[in-house]
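Per TrEMBL, the features are:
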- A:CYS150: active site (ACT_SITE)
- A:SER13, A:GLY14, A:TYR15, A:ALA16, A:ASN314: NADP(+) binding site (BINDING)
- A:6-142: domain 'Semialdehyde dehydrogenase NAD-binding' (DOMAIN)
Number of protein chains: 4
Amino acid sequence: MSEQKTVAIVGGSGYAGGEFLRLALNHPNLKVTQVTSERSAGLPVTMVHPNLRSRSNLKFTKMAELQDADIVVLALPHGSAAKRIAEFEARGRVIVDLSADFRLKDPEVYRATYGEDHPAPDKLGEWVYGNPELHRAELRDATRIACAGCFATSVILALYPLLKLGVLLPKDIIATGLVGSSAAGASSSDASHHPERAGSLRVYKPIGHRHTAEAQQELPGNFPLHLTAISTPRVRGILTTIQAWIPDGYSDRDVWSAYREVYGQEPFIRIVKVAKGIHRYPDPMLLDGTNFCDLGFEMDNDTGRVVLMSAIDNLGKGTAGHALQSLNIAHGWEETLGLEFTGLHPV
Amino acid sequence: MSEQKTVAIVGGSGYAGGEFLRLALNHPNLKVTQVTSERSAGLPVTMVHPNLRSRSNLKFTKMAELQDADIVVLALPHGSAAKRIAEFEARGRVIVDLSADFRLKDPEVYRATYGEDHPAPDKLGEWVYGNPELHRAELRDATRIACAGCFATSVILALYPLLKLGVLLPKDIIATGLVGSSAAGASSSDASHHPERAGSLRVYKPIGHRHTAEAQQELPGNFPLHLTAISTPRVRGILTTIQAWIPDGYSDRDVWSAYREVYGQEPFIRIVKVAKGIHRYPDPMLLDGTNFCDLGFEMDNDTGRVVLMSAIDNLGKGTAGHALQSLNIAHGWEETLGLEFTGLHPV
Amino acid sequence: MSEQKTVAIVGGSGYAGGEFLRLALNHPNLKVTQVTSERSAGLPVTMVHPNLRSRSNLKFTKMAELQDADIVVLALPHGSAAKRIAEFEARGRVIVDLSADFRLKDPEVYRATYGEDHPAPDKLGEWVYGNPELHRAELRDATRIACAGCFATSVILALYPLLKLGVLLPKDIIATGLVGSSAAGASSSDASHHPERAGSLRVYKPIGHRHTAEAQQELPGNFPLHLTAISTPRVRGILTTIQAWIPDGYSDRDVWSAYREVYGQEPFIRIVKVAKGIHRYPDPMLLDGTNFCDLGFEMDNDTGRVVLMSAIDNLGKGTAGHALQSLNIAHGWEETLGLEFTGLHPV
Amino acid sequence: MSEQKTVAIVGGSGYAGGEFLRLALNHPNLKVTQVTSERSAGLPVTMVHPNLRSRSNLKFTKMAELQDADIVVLALPHGSAAKRIAEFEARGRVIVDLSADFRLKDPEVYRATYGEDHPAPDKLGEWVYGNPELHRAELRDATRIACAGCFATSVILALYPLLKLGVLLPKDIIATGLVGSSAAGASSSDASHHPERAGSLRVYKPIGHRHTAEAQQELPGNFPLHLTAISTPRVRGILTTIQAWIPDGYSDRDVWSAYREVYGQEPFIRIVKVAKGIHRYPDPMLLDGTNFCDLGFEMDNDTGRVVLMSAIDNLGKGTAGHALQSLNIAHGWEETLGLEFTGLHPV
């Protein structure tokens, strides 16, 4: 097909790269030509991503052997992509970075957030923040896509319509994220050791979560945003509850309306607010492998407090799905192409 | 498309029916026209199968309102399909039964296994046992398909090539199945209460598992087959280890050869036997939502003992996937149609 | 021993009653003489509480057969204890109620919280709220002990010293509780069905949690308190994170000091705030079976936000442990008697 | 108390050493004077064993600083204890080794099993295999106790009475062990990485398990014993199902009788075989932190097959509990001292 584009995945032995590989292998317009991994070079990708057995015969190569491709997807540890970005730009016309390197527009904010100077501050302006719901227009024909962070995505998508349309008071907003273990990556550590983690509910970032900067950059208005992150026994998924306040005279209908107005046509946003049954609100259990962001809310009329709920697959809508949706837009393809998986139940 | 067939799912609020519904909704040649549920009639299917939100607007109807369809899929409790089979036959040309009602050929075996007379013994001969690997030829143009049992499938697929080609001694064969909680169905009970089940390793059928009869019917030769079933904290999936013995003069190469000879062209059978790494053998973790049966083995050369390993998704290759693969064959469609999902990792 | 007191447990087939039974059987000064259960009358208690095999030969009796005992522990569903309280008062000198019936002092608050009039409002003043850290003096020689609610306990213990000593601003305080499945009791339901619950992160009470009233009654000062409750895949345990604000000029040392001043001598409160390692903050994983409440905190100096963390076993310090600690105080026994279990690691 | 003995734990930062430490701290006749760890020397033991917070102020020391103690407990990796045994013997009168180093009597079997020569073969005769049920008499006044292996214990305790009393045919016996992740120790690895392990049912030792040698040494008679080990999502616990055959003319009553005859007075063996309810057979869920071995069985009268079931906590009766029980016997103390914990339910 004339439409088919070649893709090289750099750093493809991690979870984000692996998930993008899975999606790309099933995408009709993409052809994966290369997957690099320094640690696993020479091995079949199925040694690391065993779910791809019988689906792919690719072997990992060294990054030094990177060939030209229409699209280069960077799935490297934080800081690595920016340092060698010229190298990757020489290889492909479209670059997608799954790391945090090119998400923040302001080098000062980057420094405050990541504790060091950005390696390529002059490039920051070239990148589009890879959130289709907020940046669809810019994503069309984009050639530099900085994939949004997973926890940030769950926060941004829940808050954006309400802040944009003035349905929230400009006071402290508090987001508590329950995060699966895959968000910490594919490398084992004391913290990820199964006996220490399987039964744990571990507050790993009560304050100072780096995605605060992303969320504040993307969200309209000026308000204090506070994030707390807790790891759970799940492998995938983020459930974020957000505590915010609605102005006097507003009600939960205004929340509904804001979501409808802004997300009414969105293919991957679902408002989940069911009066009965056990699946009344967003739940990451239903989202493994999907590109959905499920949003829900409940309002306390006595106090004006609204509790927003947001669920995603951190590797799907939180990373690789988001990236593929952005690529679909950038190429003018059907936005849902390769992202049709509905999720499983029960699971 | 002229190829498109209509499907009605009877008893579609359970897990098997729900999984078939999910698959059918994503199948290009199938159009689901009706899903019945006595308990949930009138409710949207997404109340019970929340993963289908935004994918389906169907509502459950009563069984009494069943309309004609090209294909009728029966996902009823054991014994229910056979009692009313004439009713369903009047509605569709092709009938697929996901229950155990039409799997056994011999009414005597049925009686010994299920403790009562078969309600329609004269019909038993019309049904094809819905295991594509063993019955592909009969499935072509079949109009009565009795979907194989999940534990039975994991046992049959592991043993069939070896028994067929004489690679096993005709002595006691022992299969131990580790089964997820979804296999017990969608109705809550004391045994399925989360606090009682989440941490449990519960031997629920040390002897007397009913799938023994199915497996013995389908497998060549005459040998004692012993099943033990244990429930695990997983929701989906069966891992079966089988202990058997290889004749003198045979080696693990003969096991390899037998699997290759019989399953070399099978789209959904994968031999998983990797020398290194952590994913060396079949693992149901990788198979949620897929139609694969992964097979592995290891041989103890000192004793001739071979340990066969078999993993499936009990709702996929164990039930609904199997059924859809059989339907694809029956209609002359590409056998993998609608069954392309590779599975997730990590998850 | 002259010290030994007899105990009857009414409604002893639930989880709270079962945990109290376990503790009482191992308590040197208690002798369990009777355990009632309408559903399981006649059966050995080990049918329902299999962990007590070889420890107890008791059989459940009907409530109608309740005999006199020094202490009567009521482990009945909400509303049941208050309706028949005279009956139980006739049986024992000391009554401990594990339900919510006698926790609230104000019948109006009770009605607002539970949606019906209190069955015995004139009795409310006789009961001591069974939280030893706040009510130790009143518990000495108490004969009516209303065991504190589990989520309420996790909130109260984290906030009490800070509110008492003025270390928090009187603005909105938000508590998010992650709760294990045992908190919903021993009866199975759709919500507790393992396949629906095992992988779920389910917001079950975003607003309107009934324990708000308890917490507000017990905590000093007047401030808006907001609770959100989420169920997790754990069976036991509550992890509560609380978002609050510290006045200008205060720092995390003031939080430390407040906890030390108020809880310095408490045998079951531990401040967990470790600079390194993976066990830096409270984690319910470590508390199964114990009577500890672990407290931690982290402060964001830029905003004055403090995140308090509180972990308990909902059946231990959240119910039965708390009750036994209160009974120890009431009888003048060593407060830790029968509550020495340290918890397991790993587990 | 004149009875009190001092204990030093060598290699106390692992899970076996940590569990022994927990038990010893709660034992009235033991006083832990030292815990060594090369990796964590200088740190409080609670950094590694956070469940001991408020219970112990001990800090880890280097092994080189080992002081004299009445009892030296070795919790070192396989092979380490035997190489330096003289050093440890110089420090304490009673030595307990939790590793495999001194379990096998025959150096040839050791070599065949562990692939290298035993470092101190002449010492092997001095050690008692630390299984109280089989070696109680030898354990009295023993000064060298080689703690039995965890999987081996679950196999031996299930089979011993039946083999001793001739209730099993001398044909192939097959044991399938479902093992928790703590059995692989406290060091993280790719295999223990939570995202790879949490959902996995991983056959890690289909053949060739090293505990086969131990079990064959300890069990009467000459028969082929086959072990298969599978890792499960649990952290603690082993559930072993054993497939064996009963001679003609025998029935399940003979199994009962054999267990009763041999184990009738055993404080830590419980026969679990309940006709009704959900807790019919042994389940490791109930045994975390306990020293129990629960045994059950079911017989297939048509074939003479008997399925034995055995559950333990691998760190309890499988390691540290077993060791403490042996020490109690060796010192003439009440055998259950410090081992009274009943286990939790639900959990």
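The backbone N, Cα and C atoms fix where each Cβ goes, and this holds for glycine too.
Owing to the predicted nature of the structure, the values given are computational and were not obtained by experimental measurement.
On the structure: features taken from TrEMBL.
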{"residue": "A:SER13", "record": "NADP(+) binding site", "Cβ neighbours (10 Å)": "24"}
{"residue": "A:GLY14", "record": "NADP(+) binding site", "Cβ neighbours (10 Å)": "21"}
{"residue": "A:TYR15", "record": "NADP(+) binding site", "Cβ neighbours (10 Å)": "26"}
{"residue": "A:ALA16", "record": "NADP(+) binding site", "Cβ neighbours (10 Å)": "28"}
{"residue": "A:CYS150", "record": "active site", "Cβ neighbours (10 Å)": "26"}
{"residue": "A:ASN314", "record": "NADP(+) binding site", "Cβ neighbours (10 Å)": "30"}
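In the three-state DSSP scheme, A:CYS150 (active site) is classed as helix. Per DSSP, the domain 'Semialdehyde dehydrogenase NAD-binding' (A:6-142) is made up of 52 helix, 31 strand, 54 coil. Note: the CA-CA distance between A:SER13 (NADP(+) binding site) and A:CYS150 (active site) rounds to 19 Å. Checking the recorded positions A:TYR15, A:CYS150, A:ASN314 against chain D with a Cβ-Cβ cut-off of under 8 Å leaves A:TYR15. Taking the Cα atom of each, A:ALA16 (NADP(+) binding site) and the residue listed as 'active site' are about 11 angstrom apart. The residue listed as 'active site' and A:ASN314 (NADP(+) binding site) are 5 Å apart (CA-CA, integer value). Those recorded positions from A:SER13, A:GLY14, A:TYR15, A:ALA16, A:CYS150, A:ASN314 lying by chain B, with Cβ under 8 Å from one of its Cβ atoms, are A:TYR15. Here the binding residues for NADP(+) are A:SER13, A:GLY14, A:TYR15, A:ALA16, A:ASN314. Their largest Cα to Cα distance works out to 17 Å. Between the C-alpha atoms of A:GLY14 (NADP(+) binding site) and A:CYS150 (active site), the distance comes to 15 Å.
Separation of the C-alpha atoms of the residue listed as 'active site' and A:TYR15 (NADP(+) binding site): 13 Å, rounded to the nearest whole number. Mapped onto three states, the DSSP output places A:ASN314 (NADP(+) binding site) in coil.
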